[in-house]
Amino acid sequence: MSLDVCAIGLGAIGALYAFALERSSRVRVTAVCRSNYDVVQEHGIDFVSDRLGTHAAWKPYRVVRTVEEAADRDYVFVVCAFKCLPDVITTPALLTPILARLATASQPTAFVLLQNGVGIEDDLLAALAETKPGADNVVISGCAWVDATAVDGGRKVTQFGNERLVLGYHHPAATLKTAASFSDARAHEVLDGFCGLLRAGGANVEAAEDVDIARWRKVLWNASFSTLCTLARVPVCAVLANDSSCAAVASIMREVLSVAHAALPPTQGLKEVLSDSVVNNIIEHENHESTFRPSMLVDLDAGRPMEVEAIVGGVLRRARAHGVQTPQLDLIYAALNVMQRELIKRRGSAGL
Ligand SMILES: CC(C)(CO)C(=O)C(=O)O
């Protein structure tokens, strides 16, 4: 029997991994397509992917417009591939109809957050603790290292070069009602199950021992490259082509590193993954010819709200909590926030 998986958000990342899940032949995907329902329902999605190959007009098992419509059944996994925009709608608010089912569900549901930023799991873990304390509803999150873009009005997803998805599970904070009954063994099992499905579908998946370290490693990139590319409205190669912007990227990354070291437990993993040399390594290994436009810039170009809160706001909240000064990130946040307010205002009732 096929496992029911709900994928919310069929942009480039959501489509790529929902497609991989169905290719495992063990899953049927209900896709919630809030802004691209017509395209997906009528045409399907074409893929031109270095990892998953070329495929025409893929349609998931079921396409719906809203989370309400999707919430007519229980799911083993709910993949949240929508943008993390707590300044527009929080994840628990968006998931309300699905969360409402959990109290009476016959099996636990695992939530998989495929989104940028740090601390994006906090509000969902808190909501789950109130929804059904003691239940095994695991929260997994993933860092997608993949140059994937939706083009032709969402009809086609292109993915070039490497594709790597680092996944791990989150512990509920000690103050939450779910903390006492949390089982690492069960969370591991759920994580392995999800990784296995994606691998069977051809994706390149890695299970992280400590997903928080993986998330901070990724936010180093997003808080520096994504933000500067967005503010300057240029692709990655343009930021790397200029000494002053290269120096700014490095200096912003160092600021993020100082927050990470204040916020995370001082484990060996932290010292290795987020060492002093990571900044130079990232800049040296970046493709200096890359015409890639980070998703934050793609959102700005399309007039959509950006993941400013998840990426920069997430780092700043941890910085404030641990008394770390972040003058560069404060400035970046202020500038992006002005743009974000305009985007949200203009978007208005046009829907997100
Ligand atoms: C790292 C990257 C570029 C995609 O892998 C990204 O996170 C983004 O564009 O937002």
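Glycine is treated like the rest: Cβ placed from N, Cα and C.
Fair warning: this is a prediction, and the values are worked out from it, not measured in the lab.
So that you can see what the record holds, here are the features copied from TrEMBL:
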- 6-170: domain 'Ketopantoate reductase N-terminal' (DOMAIN)
- 213-339: domain 'Ketopantoate reductase C-terminal' (DOMAIN)
(request) Grab the pLDDT values for the domain 'Ketopantoate reductase C-terminal' (213-339) and give me their mean, rounded. (result) 96
(request) Work out, from DSSP, the number of helix, strand and coil residues along the domain 'Ketopantoate reductase C-terminal' (213-339). (result) 94 helix, 0 strand, 33 coil
